[in-house]
Amino acid sequence: MRTLWIVAMCLIGVEGNLFQFARLIDAKQEAFSFFKYISYGCYCGWGGQGTPKDATDRCCFVHDCCYARVKGCNPKLVEYSYGYRTGKIVCENYNRCKRAVCECDRVAAICLGQNVNTYNKGYMFLSSYYCRQKSEQC
């Protein structure tokens, strides 16, 4: 399974906190849940456009919007500190950028965990053809 993880990270191009985001997702679901979201709907994975397909995809849309708000912080590259207190993910950074990016990832991981029942395998590796609509505003 470790080899699969390494291969997947190479294929999608690991950047700074992507591994951290994956661990937060796994903390709110079962191990290796992150793989389900590598290319899902119109927003889970790299980039995004169109209308989110379901609540799961909307979590990724909101995450993209959150990253857009902290753009000056290089959200895909910044590494942050986090921990767990009474079963909850807690961002442990005093640096504004690190804390903001951690919060984006924390909220998205919680959202994905709360909406796992909306996950539709039919939206995995969805063609961009189905995401051609004008994107919603953040």
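Just so you know, glycine gets a Cβ as well, placed from its N, Cα and C.
If you look up Swiss-Prot, you'll see H63 (among others) marked as active site, on the strength of similarity to another entry. Here H63 (active site) comes close to Y43, C104, D105, V107, A108, C111: these same-chain residues lie at least six apart in sequence, with C-beta atoms under 8 angstroms from its C-beta. In the three-state DSSP reading, H63 (active site) counts as helix.
The active site annotation in Swiss-Prot covers D105 (among others) and rests on similarity to another entry. Within 10 Å of the C-beta of D105 (active site) there are 26 other C-beta atoms, taking all protein chains into account.
Here Swiss-Prot flags Y43, G45, G47, D64 as Ca(2+) binding site, drawing on similarity to another entry. Residue environment of Y43 (Ca(2+) binding site) contains 26 other Cβ atoms, counted within 10 Å of its Cβ in all protein chains.
Here Swiss-Prot flags C42-C131 (among others) as disulfide bond. The 10 Å shell around the Cβ of C42 (disulfide bond) contains 25 further Cβ atoms across the protein chains shown.
Residues or ranges marked as disulfide bond by Swiss-Prot on the basis of similarity to another entry: C44-C60 (among others).
Secondary structure at C111 (disulfide bond), taken from DSSP and collapsed to helix, strand or coil, is helix. Under the heading disulfide bond, Swiss-Prot lists C59-C111 (among others), citing similarity to another entry as support.
Feature annotation from Swiss-Prot assigns disulfide bond to C65-C138 (among others); the stated evidence is similarity to another entry. For C138 (disulfide bond), other Cβ atoms within 10 Å of its Cβ number 11.
Residues annotated as disulfide bond in Swiss-Prot, with similarity to another entry given as evidence: C66-C104 (among others). All protein chains included, C104 (disulfide bond) registers 25 other Cβ atoms within 10 Å of its own Cβ.
Residues or ranges marked as disulfide bond by Swiss-Prot on the basis of similarity to another entry: C73-C97 (among others). Counting only same-chain residues six or more apart in sequence, the Cβ atoms lying under 8 angstroms from the Cβ of C73 (disulfide bond) belong to R96, C97, K98, A100, V101.
Taken from Swiss-Prot, the feature disulfide bond covers C91-C102 (among others). Annotation for C91 (disulfide bond): same-chain Cβ neighbours under 8 Å, separated by at least 6 residues, are Y80, S81, Y82, K98, R99, C102, E103, R106.
Annotation source Swiss-Prot lists signal peptide at 1-16, citing experimental evidence.
The disulfide-bonded residues examined here are C44, C59, C97, C131; by Cβ neighbour count within 10 Å, the least packed of them is C97. Here the candidates are the recorded positions C44, G45, C131, and by Cα distance the one nearest C59 (disulfide bond) turns out to be C44. Neighbour density around each Cβ, counted as other Cβ atoms within 10 Å, peaks among the disulfide-bonded residues C102, C111 at C102.
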